[in-house]
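A.B. asks: Take a look at what TrEMBL says about it:
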COMPBIAS  292-302  compositional bias 'Basic and acidic residues'
DOMAIN    1-253  domain 'Band 3 cytoplasmic'
DOMAIN    308-844  domain 'Bicarbonate transporter-like transmembrane'
REGION    258-302  region 'Disordered'
TRANSMEM  339-359  transmembrane segment
TRANSMEM  371-400  transmembrane segment
TRANSMEM  420-438  transmembrane segment
TRANSMEM  450-468  transmembrane segment
TRANSMEM  556-574  transmembrane segment
TRANSMEM  594-612  transmembrane segment
TRANSMEM  641-661  transmembrane segment
TRANSMEM  682-706  transmembrane segment
TRANSMEM  742-761  transmembrane segment
TRANSMEM  768-786  transmembrane segment
TRANSMEM  816-840  transmembrane segment
Amino acid sequence: RWIKFEEKVEDGGERWSAPHIPALPLHSLFQLRRCLQKGSLLLDLDARSFKEIIDKALSGQPEGAELQPELRERLEALLLLQPRHQHTQSPLRLLAQLGLAPCRGRHMRGHTLVPPGILHCHQQYMPSTASLSLQLRNQFKKKVPQGSEAAHIAVGEVEFLEKPFTAFIRLRQAVALGSLAEVALPSRFLFILMGPQAKEKAYHEVGRAMATLLTDELFQRVARQAEHRGDLIAGMEAFLDELTVLPPGKWDPNARIPPPSCLPSLHRRTAVHPPDQQSHSNGDMPAGVDRANPEHSCTGEELERTGRLFGGLLWDIRRKAPWYSSDFSDALHPQCLSAVLYIYLATVTNAITFGGMLGDATANMQGVLESFLGTAFAGFVFCLFSGQPLTILSSTGPMLVFERLLFSFSQDHSLHYLEFRLWIGLWVAFFGVVLVATEASHLVRYFTRFTEEGFCALISLIFIYDSLKKMLSLADTFPINWQYRLDNITSYSCVCNLSSPGRQARGWGAQGARGPSLPPALSLQTPAAPTGLSRSQCLERGGHLLGTSCQYVPDVTLISFLLFGGTFLSCSALKRFRSSCYFPAGVRKLVSDFAIILAILAFCAIDATLGLETPKLLVPSELKPTNPERGWIVSPFGANPWWVCLVSAVPAVLVTILIFMDQQITAVILNRREYKLQKGAGFHLDLLCVSLLMVTTSATGLPWYVSATVISLAHMESLRKERATSAPGEHPEFLGIREQRLTGIAVFILTGLSVFMAPILKHIPMPVLYGVFLYMGVAALNSIQLTDRVRLLLMPAKHQPDLAYLRHVPLRRVHLFTIIQLLCLALLWVIKSTVAAIIFPVMV
């Protein structure tokens, strides 16, 4: 049987083989051509039953090849025998059928084809129960693409024929032929080849050749439109023109060639270019398609200039308005729930991280609470009104650097920081509206792969670097006692020294004092301490800890790194579970969709089971400014001189450049063609939303927000759609992204409610969330072609993959391009890490 690829019944006769590419003897194709030239050909036959088809096929033989009445009756009786199908059965069904043993009778071989694919080898078995047969038939039908038809091929040897009988039949209307097919599908094509004994193998190979032809999309077109015998022969000649011959002795004919991960499109096959000039993808991920497609960026009507003020914005609104209602209805899918939980945890972690760093940089004028509220408000409004709602807004590293420099400048010149910042934000909003009015987003079409990959790689490396840096800082917060020796256990102790003389109490040590390594030391009795004090009690009473084991907490650091690494590896393994060989496809898809959530829940459970005091996710529990000296509304006048509102335009220019580059490069990456987005982009509308949000966030003293590349890519990846039905051996077809607004809106609503969910969120260990950050950075880094080309630098030529650009570009030029890109990336990293980070967007 064929559903795009061939499957054979194994020698044991109990199961189908793995799908594979059919390898045909060249001679069988020549024999098939002779059969089509000499045999019976019935095109547009009017028949409603299989018996009527056989009657007309036997009576429509060419002159000189008619069968005698007796042979016709015997051949008709043979062809009308009820077929017995070779069902694919699971182990549970096999156990249920242990009592149904197959009889060892004579069998005929037949084949059934469904374009685009099924061919069955029929064998005679004892019939099982009708209900079980119907159940198996329906389950197999799930793998058949919608709109398919069945074709039937019957080949075999019979002792009463002296010469072969051949018939190719095409029905005018596809009809259901009862139980002839393994699944209930209409049938249009039939091919019959019966001949005398001693040539069964030849007949079988001719039948395989016919089935392979009927699975070919180009030959299907010819077969459906053929008006006479010559059209069929011409279609077969075109098939032979594309044929590739493998020389004998250079490969094993019994070897089964597995299906490729990506097949050439029908358009490429019909193009005039030779096969070696076609692009070949190096993977089934969207990024793989991108690496083979030089025109990967979005350069459609979204970026066409209209020549009118706000013309691009009006086009964005007209383009997105018809999709607005479906942006909510399309989110009614379980996959969206997984995306919400995944991106919510990533957004909360990002808000806490940047909020803490903003608090350190601005003397808590902006802190964790402001970061939460700003993220929730800005993200909610953006997802509700933007042109590309799959974008996730967040604080970014360059913004943090600017805030630090601005606060230092304000302190040095005795300026009110929030008022100065308010005027900068208002100027940025004004400049942003001007850019929207003049259709400056048109310049986005000149962003090249070089720029996109450098920017995406930098943001991905920042995620990886920050997650590792946070984990390494745990060794300082929870230091490891490297001088610990088991033989010196009797000398380790930790006591509380209170302010009153002579009052000492036995302390229970730091957080790790309950660890498995120190019970003997902690059981030491201090005669002066009849009542033990905990570490917190000791410090509250004004005491301090004395002893060699007070800072010994190796269990916290160790388990934190185990949680961190385990979460990262689990996310990676569960995300790849979709393409594994275990469990049914539905289970694999469900596990892959909820991979991040399952990994987080698993390692939160491990942490809770062990009961160690690992650092947890702490969110603010009160709605009040982090710095009590500030309010929720920033006054534009009164604290600074009047000329500050004019001077603010100078730093606003730098912020405008930063926002434009950061926002638009991320938008270009998200709107690449290989993501197959159907609802279009909205570059002008997105920039307008970000610009107007600057007014609100500046007036309320909340952080400034722009598109977050890595989190947005993770959001897109969590909403990938694939075809529900795929033929055996066929990789699930990538259909696009589930485009909607509800997941982003839900993420930011939950972010705003996180203040009230502190009792629940406090059980999530920070190392687990850092592991998710590491996974997001690595996944984004692997999605760009730069990563593949860096691997080529370390790979001998004979082991390099067959990539399209390696076929047409000299390897030294590829390496030169990669090295220049790496040098620019290194320069961006150095600039980002210094005070010169303010000119980061200019360098991009």
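Just so you know, glycine gets a Cβ as well, placed from its N, Cα and C.
A TrEMBL annotation is a machine prediction, not a hand-curated record.
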A.B. asks: Using a threshold of three or more Cβ pairs below 8 Å, and leaving out pairs closer than 6 in sequence, do the transmembrane segment (371-400) and the transmembrane segment (594-612) count as in contact?
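C.D. replies: Between the transmembrane segment (371-400) and the transmembrane segment (594-612), which are separate recorded stretches, there is no contact, as judged by 3 or more close Cβ pairs.
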A.B. asks: Let me check one thing: do the transmembrane segment (641-661) and the transmembrane segment (420-438) come into contact, meaning three or more Cβ pairs under 8 Å with sequence separation of at least 6?
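C.D. replies: Per Cβ check, the transmembrane segment (641-661) touches the transmembrane segment (420-438).
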A.B. asks: Is it true that the transmembrane segment (371-400) and the transmembrane segment (768-786) have 3 or more Cβ pairs under 8 Å, skipping pairs fewer than 6 apart in sequence?
C.D. replies: no
A.B. asks: Does the transmembrane segment (768-786) come near the transmembrane segment (556-574), with 3+ Cβ pairs under 8 Å (pairs 6 or more apart)?
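C.D. replies: Touching, yes - the transmembrane segment (768-786) and the transmembrane segment (556-574) meet the threshold of 3 or more Cβ pairs under 8 Å.
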A.B. asks: Does the chain bring the transmembrane segment (682-706) near the transmembrane segment (420-438), so that three or more CB pairs sit under 8 Å (pairs 6 or more apart in sequence)?
C.D. replies: yes
A.B. asks: Which whole number is the mean pLDDT over the domain 'Band 3 cytoplasmic' (1-253)?
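C.D. replies: Across the domain 'Band 3 cytoplasmic' (1-253), the average pLDDT comes out at 76.
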